[in-house]
Structures are given as C-alpha cells and as structure tokens.
Amino acid sequence: MATQITNSPDRQKALNLVLNQIEKSFGKGAIMRLGDAQRMRVETISSGAMTLDIALGGGLPKGRVIEIYGPESSGKTTLALHAISEIQRSGGVAAFVDAEHALDPTYSAALGVDINNLLVSQPDSGEAALEIVDQLVRSAAVDIVVIDSVAALVPRAEIEGDMGDSHMGLQARLMSQALRKITGSISKSGCTVIFINQLRQKIGVTYGSPETTTGGTALKFYASVRLDIRRIQTLKRANEGEYGNRVKVKVAKNKVAPPFRIAEFDIIFGKGISTVGCLVDLAEETGVITRRGAWYSYEGDNLAQGRDNTVKYMEENAEFVTKVQQQVLDKLNTGVAVSANTLKQAEEESEDTDDDDEE
C-alpha cells in the first residue's frame, strides 16, 4: 500500500524558497505551476482552410515549430503562404526564408500576401538561413517565419566542396544544432516557425512506407505539429479543363490537440485554398446545407445544381456566406462530428494500408 505524502509547512516553505531562487537566477516565469501559467495557453492562427483548422483543434499553434511535408506540387508552399496571409491580416509581421530561390511574388499576392511588407531572405547556405531564422525569432518582432525548404538548406562545406564529394550526415547535424538553439527562443517570442520539407525514398524497405523526409530526425522531434499533405484528385471542368487540385492533409503529429485527424480541401490554380469550398463541405456535413441528388438547398430553397455551382453562388453572396459560416460554427460548438474532427477516416486509411502490406 502506498504511503501518503504529507505537505508540512516546512516542505512548503522550502519549495517557495527554491522557486524564488530559481526565478531570481533565471528570470520571472522560469518555473511556475501549470495552473497559474496563463502563457501556457496555446494561441492559434488560421491555416486558411476551415476543415484543416478543425482537424488541428483550432488552427496552427503560435510559438511552435511546424513541419509541412509531402510530394512535389501537393500544396506545401501554398498552405504556408496562406498562414502568412492570415498573420498579416491580423497585423502581424511575416518572414519568408527562400532557400529554394523560387518564391513567386505574383502568386503570393494572389493568395492575399502583402508582398510589400513581407520580409524575404534568399541565403547562400544552410548555416546562413538558420542563423537568419534564429535572429528573427530572438528579436520577438516577427510573428511567423517560413523556411522553404529543408532540402534546400545546403551546408557550407557541401557548397564549397567538389561535385560528387560525400558529406554524410552534414545536413542532419546542421538541423539538429539549429533546432536545439532556436526552440527555446520560439516559445518565448511566440513566433510560429514553419519548415517546408520534401519526401525521399528509403532504399531496400520491404515493409512499411519507404518515404522519409530530408534533414534527419531532429525536426520530427522538435515539431509540435507535422502535416502530411497529398494531392488526391485533379479538379476538372468540361469547358475549362484542369483548374485545381483536391488535397488531403493528415495531422501526423500534434502536441496541442488530438493527432491523426484528416482534412480535405480544394486548391484552385492561381487563387489558392478555396475557403468557400471548405464551408460548403462543412455545411453539408453539419446539415446546414442539404443535398438531394445533385441539388444543394438551404432551409428548403434550392441554391444550385452541383457543388461547383453552389460554391460559385456563395462566392457571389458574401452575406449568405457569413450567415452559413456562423451556423456551421454554432453546430461545431455543440459537438457535431464532422470528418475533420474525428479519427474514423484516419483509422479506415490505416486499415487499408495494413491490408496492402499483408498482400
């Protein structure tokens, strides 16, 4: 039988004394009771997709490291630019470390990014890029920093060496050292740091997925949120051809909300995430908008035939969008389950993967 621990006045006095000494040595807030720590409440910013915000438990967390990874042309940079747009819209300062030297200002502006006030850096080496990130975070004057991408953070030794030289583990050590250095500053400054990452194939893998991300394993550990984004469908119209992609984002890791949730949304070429498309999907799932056959209706009145026409109708009626959005939020606040806030879809996907492995 476990013995009961007694908190005598002397023990409490000793605890208060050591807490005061720690705060005197390391500053106020160096140690605290979790219940008293108001700053421990994690604030969030919108990702630009309502379905993804729900899957994340409210949005992208502030003051945390986030990794967005996936195949080429899956929407990684688009998602990060939408996060920048949301920060700027709320009056925040954003920085973009363009290690790939491939940022498109015209496309960024189309997504709502204020390119005149966006801080952009195109460093020559991985060390320079991560040092810039460290200084921006430590300044506590920047709200979000996006690094595009981890694969393009080339160590200086590799740049200065000859083509074909072996530099095993250099990038992994660079990432590990940098993340150890900046993680504490990120939490104190409240700056959100988003690393965009690419996928590679592991050689000789028989069981499980052969895919892995670049830059070693340090980022996987330090990231509070990891988002796996995949293109699942090409959107086409008979008279226009291809006009966008349907993407699926799996929350592969989440330290601030339940993980493994899945969100789907449309990315329209030249326009970015279809916010109204997200709303139509959620309105249908919550019962705010109903569908019979191909017709979508609201409170018994037909809106349009087909999802595309319904999205177009709502894009032309801003007041109606606001009304539907509020009703959807009210439904979600009462605990209505949708695919983005349940694990059913993720569990089914996991079962399918297991079946494939057995075959």
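All positions are counted from 1 along the displayed chain.
Keep in mind that glycine also has a Cβ here, set from the backbone N, Cα and C atoms.
According to TrEMBL, the feature domain 'RecA family profile 1' maps to 41-199.
Marked as ATP binding site by TrEMBL: G70, P71, E72, S73, S74, G75, K76, T77. Secondary structure from DSSP puts S74 (ATP binding site) in coil.
With DSSP states grouped into helix (H, G, I), strand (E, B) and coil, the domain 'RecA family profile 2' (204-278) comes out at 9 helix, 39 strand, 27 coil. The domain 'RecA family profile 2' annotation in TrEMBL covers 204-278.
The Cβ of P71 has fewer other Cβ atoms within 10 Å than any other of the binding-site residues G70, P71, G75. Neighbour counts were taken as the number of other C-beta atoms within 10 angstroms of each residue's C-beta; across the binding-site residues E72, K76, T77, the minimum falls on E72.
Looking only at the binding-site residues S73, S74, the densest Cβ neighbourhood within 10 Å occurs at S74.
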